[in-house]
Amino acid sequence: MVISLKNRNFLKLLDYTPAEIQHLIDLAIELKAAKKAGCEKQTLIGKNIALIFEKTSTRTRCAFEVAAFDQGAQVTYLGPSGSQIGHKESMKDTARVLGRMYDGIEYRGFGQHIVEELGEYAGVPVWNGLTDEFHPTQILADLMTMLEHAPGKTLPELSFAYLGDARNNMGNSLMVGAAKMGMDIRLIAPKSFWPDAALVAQCREIASVTGARITLTESVEDGVHGVDFLYTDVWVSMGEPKEAWAERVSLMTPYQVNQQVVNATGNPDVKFMHCLPAFHNEHTKVGREIEMAYGLKGLEVTEEVFESAGSIVFDEAENRMHTIKAVMVATLGD
């Protein structure tokens, strides 16, 4: 079956079929191999790409820029203080302006409705670099990384547990990705931090077709047993006030990924994943504040696990670039 994603937006995985998602992962694997071998073919020569960042970023910005440059495209970075978007000009108007000047647009910001509006009116492919609800490019990288570290297996044969704040964009997106690809996902969190019930129902409906297994539980021991991968994210998301830390730390500490949790999987080959940045020690400004306030040297993951042989977080981070490149090539490439 020939799959063409030409001129498609990439706003959320719910918009894509399992075959289309697998196509993007396969393309990313091919592009990664070509780059390593020094034989990458450029398909974006002469293309101009706008990168809209209403939230700051390291990995997403670098991934989009390097991917674009590798493929021969030019980029314009519009940072949080470098444009009139939402202040003097609506997103609808911005979309129609940028769509006349650029061949593709990336957006990283707040509400999902904003990137959806951008995608509706731009007239060129729009890619979601992160919103409060979804982070689809991260999930492509995660699925690619899982396949790399489970040779000979397909995604429906893999299981993973996500611990922590499961109602954030990562919890949402991992659940959607697992549902679409027929995987076994366990979301382990306090019940008040489970994903929105409507999204859970939507994912369960998808799972009834794909064969995915979706488990929501408060029990760490039950949830992690037998999984291939452990996954976590920060406990306080971008944009949330510092005042939220105390309550969040109290609620989330039982869900920290530590050696005890690794042992509870019963899988000596279990791998650890994190979308980064991670609070795993006191070597950052925030890390020092956390240690002073709560006496903790790590939050969602301990230094021991983060730096262990089973940690594949930097493979995962690298794959952000390869999967983002795949999205741009598939939707915009010649």
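Placement of Cβ uses the backbone N, Cα and C atoms for every residue, glycine included.
Record features (Swiss-Prot):
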- Ser57, Thr58, Arg59, Thr60, Gln84, Arg108, His135, Pro136, Thr137, Gln138, Cys275, Leu276, Arg320: carbamoyl phosphate binding site (BINDING)
- Asn169, Asp233, Ser237, Met238: L-ornithine binding site (BINDING)
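Long-range Cβ proximity for Ser57 (carbamoyl phosphate binding site), meaning a same-chain Cβ under 8 A and a gap of 6 or more residues, is found for Arg108, Gly129, Leu130. In this structure, Arg320 (carbamoyl phosphate binding site) is part of a helix by DSSP. Around Thr137 (carbamoyl phosphate binding site), a 10 Å sphere centred on its CB holds 28 further CB atoms from the protein chains shown. The Cβ of Arg59 (carbamoyl phosphate binding site) lies under 8 Å from the Cβ of Leu276, Ala317, Arg320, each of these being in the same chain and 6 or more residues away along the sequence. Cα proximity to Asp233 (L-ornithine binding site) (within 10 Å) is found for the following binding-site residues from His135, Thr137, Cys275: Cys275. Within the same chain, residues at least six positions away from Cys275 (carbamoyl phosphate binding site) with a Cβ under 8 Å of its Cβ are His135, Gln138, Asp142, Met170, Asp233, Glu316. Thr137 (carbamoyl phosphate binding site) and Asn169 (L-ornithine binding site) are 12 Å apart (CA-CA, integer value). Cys275 (carbamoyl phosphate binding site) falls within neither a helix nor a strand when secondary structure is assigned with DSSP, and so counts as coil.
Residue density at Asp233 (L-ornithine binding site): 25 other Cβ atoms are found within 10 A of its Cβ, drawing on all protein chains shown. Its Cβ placed at the centre, His135 (carbamoyl phosphate binding site) has 28 other Cβ atoms within 10 Å.
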